[in-house]
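Data first, discussion second: the structure below is written as structure tokens.
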């Protein structure tokens, strides 16, 4: 199966009264298709996501300003606090995913962590509203420091939010996709549209936060500026619970980490055993040994792991004394194989996340040395990220309503493109975004030289609006790669590991930021040798930011080549 074609995930198709993917009602009973799930349940989930993202971005977008203006912290401490918190928000999903897959299921994990999230939002609002919880205003140039207790209340609220988002991020998209029966062809097509509109709802929330809420915080105060997101978080919880009678639920299957360890331990214990053919490997006769999971067909890759499912002569005599640390079912072995097969695809999306990170770093730096005035208005360089959000909002309906039906008529695939093809297209567009940024920088430096501004750390007479194309390209790349990534990690992950795999996909965002910082550190080190100003000096008119963008474009192209090789060799999972 060495191509990018979409592979069928299921061999059996269910058109009966009940769902065929193992979903149940809230009491654990088999659930009927009629009157449950599908698009009738999605408005409550999409409403929850839109409100939650509005709340999150309502806090994060302007957080560094609150730290500097109200808690009177220095720029370095404020920036470090925000990046540390943001990074934590992309690490805590691993915690929420384990609870969801192993113990509580996605619904109850979202419910519990949403409550923690709301408490955190309320605490943060109190820290910005109640005088005793915040330092007094500056008196001229004298700005009182916050007390340890004031810091404690503020950061308690902030990190309760980080913990709360850890239970929501890896579960909401998967829970929404759970509403569509994999074994029903019509619902499977609709599930692809769900991921598009899920990402659309995220960006609607982000757009409102980056415009209206930032204005409220700057002009009407932080108590109201944090209070409004708190109210929306409450609305998110109400929206989520309102859909409960319509939801379809997947049972938790026990700890995925334990199951992975069992396969590894059993394989090592039997390292001298020669695996037989698939018909001789161990599997339960009815259902699956893993709660909430369908059986997986045996694959011929990674044959070493098949040792764990090979029945030895001693085990044939004592098969009733089943020990999961010595003898594993084929389905459990295939779970680990799937994770190993998915790893190269996962790794190649880290570079894309590094490119995406430029939107809030180097794109903003570039914008500060462009002409930010448009008529009588001054455009803050960071606000141009709004065009990325607008791009996503424009592209999602175009992709879902026009591009998918058009491509489907040529390819015959349910979703037009396969997930791997969709992600690959996004990687190509991300390269174009870096090329656009590099070309703009070349133009800017040429004007700086022409105007004699090389030695002056000032903006050049070139409108900041010329940055719009690179922001729009980043937005288009998101629609293809990030949404394709959501689909891929949901569809291809084992049934009982979907939350965990979603958490791993979110982890690429954090790793992409770390990779961007690492590349920047190397570039600074090597280009400033010998007293040179380097590519990215304080005075960008003396630098070569264009070279940095070209470097990222080159790395992205090399990453694309690796991705195509990995994707062409990828074998889709098959459930029975």
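Backbone N, Cα and C define each Cβ position, glycine as well.
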Exercise. Among 313-339, 502-528, find the range that TrEMBL records as transmembrane segment.
Key: 502-528
Practice problem: Choose the correct range: of 107-129, 245-267, 268-290, which one does TrEMBL annotate as transmembrane segment? Give that range. | Solution: 107-129
Quiz item: To the transmembrane segment (502-528), which of 76-100, 149-168, 222-241, 468-490 is linked by the most Cβ pairs under 8 Å?
Solution: 76-100
Practice problem: Examine the transmembrane segment (107-129) against the transmembrane segment (222-241) and state whether at least 3 Cβ pairs sit under 8 A, considering only residue pairs 6 or more apart. | Solution: yes
Practice problem: Find the member of 76-100, 197-216, 343-364, 425-448, 548-566 that has more C-beta pairs under 8 Å to the transmembrane segment (468-490) than any other listed stretch. | Solution: 425-448
Quiz item: Excluding the flanking five residues on each side, which residues at least 6 beyond the ends of the transmembrane segment (149-168) place their CB within less than 8 Å of a CB in that stretch?
Solution: 52, 56, 59, 71, 85, 88-89, 91-96, 99-100, 109-110, 112-127, 133-135
Quiz item: Counting only pairs at least 6 apart in sequence, do the transmembrane segment (197-216) and the transmembrane segment (384-404) share 3+ Cβ pairs under 8 Å?
Solution: yes
Exercise. Answer with yes or no whether the transmembrane segment (384-404) touches the transmembrane segment (548-566) by the criterion of at least three Cβ pairs under 8 A, sequence separation 6 or more.
Key: no
